[in-house]
């Protein structure tokens, strides 16, 4: 009897201890996260953006001048660097979701990015890392390998830092009734900080590079990246660190593998057989949709199925993959916008040959002209939201809204106009260079204002404002909520493919136009080349892409947004 009482007392003490431990864990969890972590997360991303964006505008000048690379080779390196930078967020999101968790992804990303920028700074500090100033030979293989390693580290690290927005959302207390308002405020500050960082990079850092050289020009971004890394780790003990879970990319792979394994199975005669399909508990889906029916075989329940996700998938997994496949045609129409935006190196070479003076003592750095793109994006987004839509609604007497899918098309139209204007301006600039006798001197400053480049920047910004923002909104509204991380990375992945296509198009144009000893359209000498004709090729491709978009738009059919609008319209008529 005494032993039983002692056992009961011990068990009661153990239960009390477990309850206390659970209570302590809950208290610790409540103490973590919150608003106090937001400045450190936003600061990390803003400083990292400031450092990385400040490197790209003048990089083509560094490659051509200090590494003595031909314009063609230097441009290809830039295209591949842009592609790697845009592809990295998808890879970073996959690692964060599946293996590392978002905290470690950002932590490793920050450290790796700093290492890349520190190495890049060393290429400017150490003379042996670059070709000798007394030699006319281009960079050696080891020197190029070191430079490309810097670019690779910066791109890989950026993929980890990309998880900052999702990591910031993790810090909000689920029990806080004001969570949605706080989340909206966090996103607003996050986007605003990125915009300020980009503007600072395109003005201050580019100015430092032009005025004081590469040693300080690369040293400042490296110092900013070090500050970004330290800033992130300062409050690491307060962050909410969720454990990694299964990635959507893994889920997509499972659907494809299981559907292939079950390819010989016959689909049920009707979709109204919930017993035959595997789905999540409390799921509202009882059967997969009719579209892409061959994927439905991945969620058929058979006697050979076990509980493994590689043996049978849920209806939800199948429908998520179908959502991705369905948007691919429209998504691919956005490649052209990335191809157009990738030509920034050529616009910098143009700007360096033009009069950039605002006053007699100050001139705009050639690498700072992209700031007009950012200004155009801000103004376009503001005018659309605050002026065009309210005015149209007032004129029609009912709410008017351009769908995200249609805004994508408007952006592609402005992309076409941008390339046409770029071709015309370059034709004028080249003819003026020839008239002034500078055909053999591509570094001569022409009697032509660089303000001629502003229309290109404005049109490019309008195209970005409509297409890029439209794409992001389109994915978020069309995809299930579980696919928000994919929606965030899809535009970036499309930009990466666009960068690779830009490199391919550039190489083809160079190979074809330089045959039989002819002067290449994309010659190292911008005055001897025909960059205007190169822009016309891109403009024609952009026009064809617009037709392709219209076909994809028609084939996609009504969106979720359109269906909701039609229901509202029908109710109003009743």
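If you go along the chain as it appears here, the first residue is 1 and each next one adds 1.
Placement of Cβ uses the backbone N, Cα and C atoms for every residue, glycine included.
The compositional bias 'Acidic residues' annotation in TrEMBL covers 9-22.
Annotated region 'Disordered' per TrEMBL: 1-26, in sequence order.
As annotated by TrEMBL, transmembrane segment applies to 46-65 (among others). Note on the transmembrane segment (46-65): residues 71, 74-75, 77-78, 81-82, 85, 110, 113, 117, 120, 154, 158, 161, 193-194, 196-198, 200-202, 204-206, 209-210, 214, 217-218, 220-222, 224-225, 227-228, 231, 344-345, 348-349, 352, 365-368, 370, 524 of its chain, located 6 or more positions outside it, place their CB under 8 angstroms from a CB of the stretch.
If one looks beyond the transmembrane segment (77-96) by at least 6 residues along the same chain, the residues whose Cβ comes under 8 Å of a Cβ in the stretch are 52, 56, 59-60, 63, 69, 102, 104-105, 109, 148, 151-152, 154-156, 158-163, 166, 244, 247, 249, 338, 342, 345, 485-486, 488-489, 492-493, 495-497, 499-500, 502-503, 506. If you look up TrEMBL, you'll see 77-96 (among others) marked as transmembrane segment.
Outside the transmembrane segment (103-124) by six or more residues, the chain places 44, 48, 51-52, 55, 66, 92, 95-96, 130, 146-147, 149-154, 156-164, 167, 213-215, 217-219, 221-222, 225-226, 228-229, 232-233, 236, 239, 241 with a CB less than 8 A from a CB of the stretch. As annotated by TrEMBL, transmembrane segment applies to 103-124 (among others).
Marked as transmembrane segment by TrEMBL: 144-167 (among others). Taking Cβ pairs closer than 8 Å, the transmembrane segment (144-167) reaches residues 41-42, 44-45, 48, 52, 55, 67, 77, 81, 84-85, 87-93, 95-96, 102-103, 105-117, 119-120, 123, 129, 187, 190, 239, 485, 488-489, 492 in its own chain, all 6 or more past its ends.
The transmembrane segment feature in TrEMBL is assigned to 187-208 (among others).
Per TrEMBL, transmembrane segment is recorded for 214-235 (among others).
Look at TrEMBL and you will find 369-387 (among others) tagged as transmembrane segment. Proximity of distant same-chain residues to the transmembrane segment (369-387), defined by a Cβ-Cβ separation under 8 Å and at least 6 residues beyond the stretch ends, is recorded for 57, 195, 198-199, 202-203, 344, 347-348, 351, 450, 453-454, 457-462, 464-466, 469.
Under the heading transmembrane segment, TrEMBL lists 408-425 (among others).
Per TrEMBL, transmembrane segment is recorded for 486-509 (among others).
The transmembrane segment annotation in TrEMBL covers 534-556 (among others). Here the transmembrane segment (534-556) has long-range neighbours at 326-327, 329-330, 332-333, 335-336, 339-340, 343, 405-406, 408-409, 412-413, 415-416, 419-420, 422-423, 426, 505, 509, 521-522, meaning same-chain residues at least 6 beyond its ends whose C-beta is under 8 angstroms from one of its own.
Only residues 6 or more beyond the boundaries of the transmembrane segment (486-509), in the same chain, are considered here, and those with a CB under 8 A from a CB of the stretch are 72, 75-76, 79-80, 82-87, 89-90, 93, 162, 165-166, 248, 324, 327, 331-332, 334-339, 341-343, 468, 471-472, 475-476, 479, 520-522, 534, 537-538, 541.
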